[in-house]
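Undergrad: So that we are looking at the same thing, I have put the structure below in C-alpha cells.
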C-alpha cells in the first residue's frame, strides 16, 4: 500500500532513482572540457590532488564528480573507450553501495572503474570480486592502464598463488579476485600463528561482479577449511550393495520436489534384514540410517552426466548453474562417498571443520558492499533482506531491439527437440547465429547428436569443453555459428555480432611493438596513434590514408593486416545484423526466472537486433515436478496431433507460478542457512576477536589476569557457597589450588570473623594465584614468558575452537529430530549452541590458567627466542559445502588439501583447491 502511494506521489522507484542520479551526471559532464584540456602529466597528478582534498576534510562524495570525469578521460586516452552517461549512473549507484542492474553489453567492467578508483583514494583498499580466475585476471589487465595512468596500484589473486604473492596483491590499492579466494584467505588469516602471516588488510569496499551468481546462487555453499576425520569407508560399500535390492513403491518413495527419498516401514524391515541388524532406529544405528538415506539419494536422485560425471576414477560434480565441471568440489554429508561407492571408484575419507563461513556473513564484513549484474531486479527482496542492498536499474545506452517470442510447449521431449532443430535449420539457411541454452550436459549432448544427424555443424560448450569456453562464446556471434551451451556457461564474455573483433587486441599491442622496435619519432608515433583512433571509430578510409604515412615497414605491414581484419569483421558484423542478430533458443525453463533472463540477455546487446524463444515439453523437470497435469489434460482434450505446439497464456502463467514457487523455496533455504550460520557467526566473531588481539598485542597479561579473576570466582562460588564458612567444601578448594602447584592451605576458620567471608576468600585465592604467576614470569624472564604465554593461549584457543566446530556440526546434523517432538529446530540449535559455546569459553579460561601456572621451563627453553615469526604454513583443506534446510553442510573427504560445496537437495557439494605454495 505504502509503495503504491509513493508511486502515485513521486513516481516509480526507477523514476525516483533516475531523478537522484541525473543531476550528479550533469555535474560530472561539466568538468569534461577542463579535464580534456589537461596534458597527461597534469591528468595523472589528479590522484595526488584528490588525496590532499580528502586529507583536508572533504569526503569521497565531494570529489566524486571530478574524479569520475578524470577516469572517463583517462579511459579514453588509454583504452580508447569513453564512459556513457548511463555508465556514470551505474558508477554512482555502486559508490553508494547498491546493486547496479545493467543489461548485457552495457559495459559493466568499464563502469566499475569509476567507483573502484574513487574508493581507492581512501588508502583502505578496494576488492573487486569475480566468479572465476580467468575473469579476475582479464578484468584487472584490461583496466590496469587506466589505474596505472592515475598512479593507483592493481593486484590480482589467482588460485595457485603462494603466500607472498597474495600479500603483495592485497597490499595494492585495488585487488581483483574470486569470491572463493577472498573468503578462504579470510579464514586462513584467522588460522595463522603470527600477524605477519596474514595476507588481507581491512575489509573496506567490495564490488561483486555477477552479484546474483555469487550472493544468491552460491549462498547455499559455505566456505569450509577442514582436516581429515578418522572414519572407515567400508560402511559405504556395505550399504551400497543393498540399494539395488530395494523396490521403489514398496521399500521407498521418491519426492522429486524435495529431492529426497523416503524409506517406508516395509523398507526399514527389508534394510534391517539385508544389513543383519535388529533395529535400524536403535541409538547405535543412527549413523547407519544416515548412510542408507544418502545411498538412496545417490542411486535415485543424482544421475551420472546430469548431476555429476566420472572421469579418471573420480566423481566430479557438474555445477547446477553453469554446467561446468567443478573439479575438486565434493558433495557433503557422506553423499559424495555414496556416489563413489555407486560408481565403483575409490572412496575418500570424511573430514571435520577447522574454519567456516557463509558468503552471506563474509560479505557482510565489508564496510561497504556493491554489486553489478544484468539480472538482479527479480531478487531485489532477497538482496535487501539479507545484504541490505538496494537494486538500482540503470537504463540502457541504446534501446533494446531484441524480440522475445512466446514459449512453445509440446507434449513430449522428442517433439520439442524436433521443433528446436527445425528452428535452427531455418536460421542456418540465412546464416543467422544461434545460441541454444540447455540445463545439463546430458541434454546438450542429446541435442548435439540430433543436430549432427541432420548435418548441422555446431559447437558445444559444456564442462567438457571448459578450456575453450571464452573462445567458443566470443565467436558465437559469427555468421551461421550454432552454439549449444549448458545454462550460463561463458557468462562474463560478451557475444559480439560478427564474432570476436580480434583486430582490437592487435591494435592494443601496437604500442608495445613500437617500443620493441625503438620507434621514438614523435611525428610517426602520432600517425600510428591517429590510425588507432580511426580504427576504433571504424573510419576505415581515413585509417587507410594514415598507413601510407607510416615509415617503419614492420609497423606498416602490421597496420595493413589489422585494417584488413577490421574490414572483414565489419562485413561479418553487418551481415549478422541484416540476418536478424543473435537468436536465442531456450531448450527448457530453469527453476529461476533470473537464469532464463540471463540466457535471453546474451542477445540484443547495445541496441543490436536479436530474438529469443523457449521450447518446453510436459516432460521437462519444471513442468513434470511442479504440476503440468492440467496442461496435459487440455492437450488430450483438444486431441492435439503429434508435433503440434501449444501457445497459451495459461501455459505461461503456470510456468511463472512454478518458477515463483521454486524461487520462494530456494530463498527460504538460503534464509534458513543464514539463520543457522548467524549463531556460529556471533561465536566466530568473539573467537576471532580474541585471536586477533592475541596476534596484534602479543602481551596478553591483562586478559590472563581477567581469566584468573573469573576462574577463581567460579571456584570460590563452587566450593565456598554463601557466607557460612563451616559449610564450605574447603578441602576441594585446597585440592584445586594444589593441582595448580600452590601448596598454601586455606582454613575456613580464618574467615569466620570476616563481614563478607566469601569475598575475603576470593581475595586470598586470587592473590595466591597471581603471586605464582608473577614468580613464573620473573624466574623465566618477561620476554620469553610473553612468547610462551602467547603460544600456549593460541594453541589452546585453536584446539578448543576446532573441537567446538566439530560438536556444532554434529548438533546441526541431529537437530532435525527435535522437530518430531514439536520443538523448533532453529530455537533448539540456538539454545544448545549457546550452552556449548558458554562451556567452550569456560574451558578455555580454565585451561589457559591451569597450563600457565603449571608450566615448567628448562634452561634450553630460556635460551630460545620464540618471538620471531616462523615460516608460513597452510592448515587444512578448503571446501565449499551446500546445505539443507537445517544448515547441514560439510564433510569434505580427502586427506590432501582441497575445497568443497552442496546442492541442498540432500547432500552438499564441496569444492577443493590446492594449498598455497610455500
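Each Cβ is built from the backbone N, Cα and C atoms, and glycine gets one as well.
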Undergrad: If Swiss-Prot says 87, 105, 106, 107, 108, 109 bind ATP, which of 494, 505, 506 does it name for the same site?
TA: 494
Undergrad: Given the binding-site residues 106, 494, and counting only Cβ atoms in the protein chains shown, which has the most within 10 Å of its Cβ?
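TA: Buried the deepest by this measure is 106.
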Undergrad: Among the binding-site residues 87, 109, which residue has the largest number of other Cβ atoms within 10 Å of its own Cβ?
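TA: Selected residue: 87.
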Undergrad: Give me the sequence-ordered set of same-chain residues, not including 87, 105, 106, 107, 108, 109, 494, with a C-beta within 8 angstroms of the centroid of the ATP site's C-beta atoms.
TA: 102, 104, 110, 111
Undergrad: Looking only at 105, 107, the binding-site residues on record, which one has the least crowded Cβ, with the fewest other Cβ atoms within 10 Å?
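TA: Fewest other Cβ atoms within 10 Å, among the binding-site residues 105, 107, is found for 107.
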Undergrad: Cβ-Cβ under 8 Å from residue 108 (ATP binding site), same chain, 6 or more residues apart: which ones?
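TA: Those within reach of residue 108 (ATP binding site), by Cβ under 8 Å and sequence separation of 6 or more, are 90, 100, 102, 209, 372, 373, 374.
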